[in-house]
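Peer 1: Pulled these features from Swiss-Prot for this protein:
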| type | residues | note |
| --- | --- | --- |
| DISULFID | Cys25-Cys47 | disulfide bond |
| DISULFID | Cys28-Cys34 | disulfide bond |
| DISULFID | Cys40-Cys68 | disulfide bond |
| DISULFID | Cys72-Cys88 | disulfide bond |
| DISULFID | Cys89-Cys94 | disulfide bond |
| DOMAIN | 23-95 | domain 'UPAR/Ly6' |
| SIGNAL | 1-22 | signal peptide |
Amino acid sequence: MQFHTGLLLAAVLSLQLAAAQALWCHQCTGFGGCSRGSRCPRDSTHCVTTATRVLSNIENLPLVTKMCHTGCPDIPSLGLGPYVSIACCQTSLCNHD
């Protein structure tokens, strides 16, 4: 019985460690920036921030989108146009303003 208890405890601790190491990123969209941290899907490896200049925007603030992603995408893979910048990072909540 003691062996089973130890095995169960090891399994629970392993799950807690995996959850603690999960990547967290800001995931939101807003003009000029935004922040809302949340846990990423298990396969995510990067936090990504895109900034798109909207030519009709009176205040000239970029539309900022923050998300989790598998890898660091390039602009064509996201289907975005020429007025876009992308920044990627790999630590939790690293895609802050």
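Placed from the backbone N, Cα and C atoms, the Cβ positions cover glycine too.
Source: prediction; values computed, not measured.
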Peer 1: Please list, for the domain 'UPAR/Ly6' (23-95), how many residues fall into helix, strand and coil according to DSSP.
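Peer 2: Here the numbers are 4 helix, 30 strand, 39 coil.
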Peer 1: Find the average pLDDT over the domain 'UPAR/Ly6' (23-95) in the predicted model and report it.
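Peer 2: That stretch averages a pLDDT of 88.
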Peer 1: Between Cys72 (disulfide bond) and Cys47 (disulfide bond), find the distance joining the two CA atoms and give it rounded to the nearest Å.
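Peer 2: So the Cα of Cys47 (disulfide bond) lies 8 Å away from that of Cys72 (disulfide bond).
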Peer 1: Starting from the Cβ of Cys40 (disulfide bond), draw a 10 Å sphere and report how many other Cβ atoms land inside it.
Peer 2: 19
Peer 1: Compare the Cα of Cys40 (disulfide bond) against each of the disulfide-bonded residues Cys25, Cys34, Cys47, Cys94 and report the nearest.
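Peer 2: It is Cys25, whose Cα lies nearest.
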Peer 1: If you count Cβ atoms within 10 Å of each one, which of the disulfide-bonded residues Cys25, Cys28, Cys34, Cys72, Cys94 comes out on top?
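Peer 2: It comes out as Cys25.
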Peer 1: At a 10 A cut-off on CB-CB distances, which of the disulfide-bonded residues Cys47, Cys88, Cys89 has the highest count?
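Peer 2: The residue with the most neighbouring Cβ atoms within 10 Å is Cys47.
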Peer 1: When you measure from the Cβ of Cys68 (disulfide bond), which residues in the chain that are at least 6 apart have a Cβ under 8 Å away?
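Peer 2: Result: Leu23, Cys25, Gln27, Cys40, Pro41, Ser44, His46, Cys47, Val48.
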Peer 1: Pull out the disulfide-bonded residues from the set Cys28, Cys34, Cys88 whose C-alpha sits within 10 Å of the C-alpha of Cys94 (disulfide bond).
Peer 2: Cys88
